[in-house]
Amino acid sequence: MALSVDEAVSTGPARDHAPPSRRFGGRGRAVLEVALLTVLAVVMLFPVLWMIETSIKENRDVYAIPAKFFDFKVTMEHFKDVFVASGGGRSTLSASFLNSVLVAGVSTALATVLGVPAAWAYSRFSVKAKKDQLFFILSTRFMPPVVVVIPIFLMYRQVGLIDTKLGLILIYTAFNVPFTIWMMKGFVDEVPAEYEDAAMLDGYTRLQAFWRFTLPLLLPGIAATAVFALIFSWNEFVFAIFLTSSDDVRTAPPAIAGLIGGTTVDWGLVAAASVVFALPVLVFAYLVRKHLVAGVTLGAVRR
Amino acid sequence: MHLDGRDATGDSPAARDLAMVFQNYALYPRHTAYENIASPLRARRCSPSEIAAAVERMSSLLHIERLLQRRPAQLSGGEMQRVALARALVRQPRAFLMDEPLTNLDLKLRVEMRTELTRIHRSLGATFIYVTNDQVEALSMADQVAVLKEGKVQQVGTPAEVYERPANQWVAGFVGSPPIGLLACHAEGDRLVGEGWTLPRPRWTTAEDGRPLLLGLRAEDLSVEQRGDASLPGELYGLEPLGDRTVVDVRVGTQILKVKARTTVTGTPGERLLVTVDLDRAHLFDADTGLALSEAGR
């Protein structure tokens, strides 16, 4: 995740260095750019668009051939089905969403609570073999998480964490802590240590100095880091499907995947559930977008 | 580290009871100037009325009453410096630590604040430990100067002692502007013999004949305008008019000596001239160890 951010940041200047094209005039070039971007946007956004359309179509329009793009009756039935069971009462999907909120929220909070002080310590103190430790922490993210799913499964079975929300929370926290430490260390490095020195001379303890003077300056960074951790936990599929089985523990990704596979697939319900699943992350990212941009660029831009 | 004769190495910064002005001021960026100044008192749980009174006293002393509601980002360098100073001065700690507090100011403000700080220092009568690499600050503000080189103390003394009787060649070269001139020489009977010159041997030196020495001569103890009984032959290398005076660069052997002269001095490079030396104010160093020779006879 961190890597993709770096790439996204660094492509800008690299493109600026490309020799300006002389063949197209300013206008022709602009038209070409818009055309290419449109193609890209259509290719990227069509599945999203189709998901949204399917979620508000009646079932017979969903299966209509040729497919109906505009001329269909809008219905909210599928969204109702996401939350309300057919016999009344809460649906199993809505329980999955609550599980997702709980698991993603708690694991992100835990990773932040553990990772931020660790990052501060690695940034401020002379720790024995600091570089080796940091490399070790980072190295846990070198492999794809899938690699360890079998060992984790066996270990969890031994200690009774299979099919529990606590098990998911712990594994997501374990994946998010290294990421949090590395990302936050960069932010802590940016805050001069003199603020804490000054605070300690003022008469505060080291922890008070961190809490009152450094932490407030780290909030944008913490917000950015937490969003990434939250998105990881929210979207995680492999561990969720391996480690959980019962409906009241499952998170949304395996629950939505579980809708596909019967003799008939209720595509409207799948699409509606997917929309509901995608929304919170979008909304959250939108709300903290200022912090997110500040967080991503802070290390490079501000001094 | 000992404070008041007691080992304070293991003490927490709060228990050491020191106040410090940082080179980059380290004002808390999210707090107003008022809150910054109040911080040491808040940390020590003073009452709000005490805090208000103390901040008011400090802000009038440092003329920053109008800045109290601003944040550091809205302050100029000089204003930040004053706020940082106020934050240190607002309590009565055992000692004040100043880490190059004037380095980040422009020249005019630096001179102004130098006077201001000296005034505050004298009026408080407290101990200031002031780190600087500006020798003018060191000489003009201090009661005692410790000259450090690569973490090792070279000399401790009053500014006058450090300037007039440098303990070694490095201190002599470090303190003083323009820097002291150093000429290689050795004693021969009652003469000092150098590269193409001889001078009467100063009465106070006890160096044995033939030992390699360095003769240290400050610009103000040399003259190209007056005649005296001790002088060095040289040739004019260049003139540096400084407004109130002119520094004359004279080449003696292969060394350049800087000589302070009146602004009326003239000459063309290459011109031969004599530099009169005030031998009573000259310094002699052992060329091998760099240490000053005993000046007991002075």
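Each Cβ is built from the backbone N, Cα and C atoms, and glycine gets one as well.
Look at TrEMBL and you will find A:1-22 tagged as region 'Disordered'.
Taken from TrEMBL, the feature transmembrane segment covers A:30-52 (among others).
Positions annotated as domain 'ABC transmembrane type-1' by TrEMBL: A:97-288.
The transmembrane segment annotation in TrEMBL covers A:101-122 (among others). A Cβ distance under 8 Å defines the sequence-distant neighbours of the transmembrane segment (A:101-122), meaning residues of its chain 6+ beyond its ends; these are 130, 133-134, 165, 168-170, 172-173, 176-185, 187-188, 210, 214-215, 218, 222, 225-226, 229-230, 233-234, 251, 280.
Taking Cβ pairs closer than 8 Å, the transmembrane segment (A:134-156) reaches residues 122, 162, 167, 171, 175, 178-179, 181-182, 185, 238-239, 242-243 in its own chain, all 6 or more past its ends. Residues annotated as transmembrane segment in TrEMBL: A:134-156 (among others).
The transmembrane segment annotation in TrEMBL covers A:168-188 (among others).
The transmembrane segment feature in TrEMBL is assigned to A:209-234 (among others). For the transmembrane segment (A:209-234), same-chain residues at least 6 beyond its ends with a Cβ under 8 Å from one of its own Cβ atoms are 1-2, 100, 103-105, 107-108, 111-112, 115-117, 120, 172, 175-176, 179-180, 183-184, 186-188, 191, 195-196, 198-200, 280-281, 284-285, 288, 291-292, 294-296, 298.
Residues annotated as transmembrane segment in TrEMBL: A:267-288 (among others).
For the transmembrane segment (A:168-188), the list of distant contacts is 1-2, 102-104, 106-108, 110-112, 114-116, 118-120, 122-124, 134, 137-138, 140-141, 145, 152, 161, 214, 218, 220-222, 224-225, 228-229, 232-233, 236, 239-240, 243-244, 249, 251, 295, 298-299: same-chain residues at least six beyond its ends, Cβ to Cβ under 8 Å.
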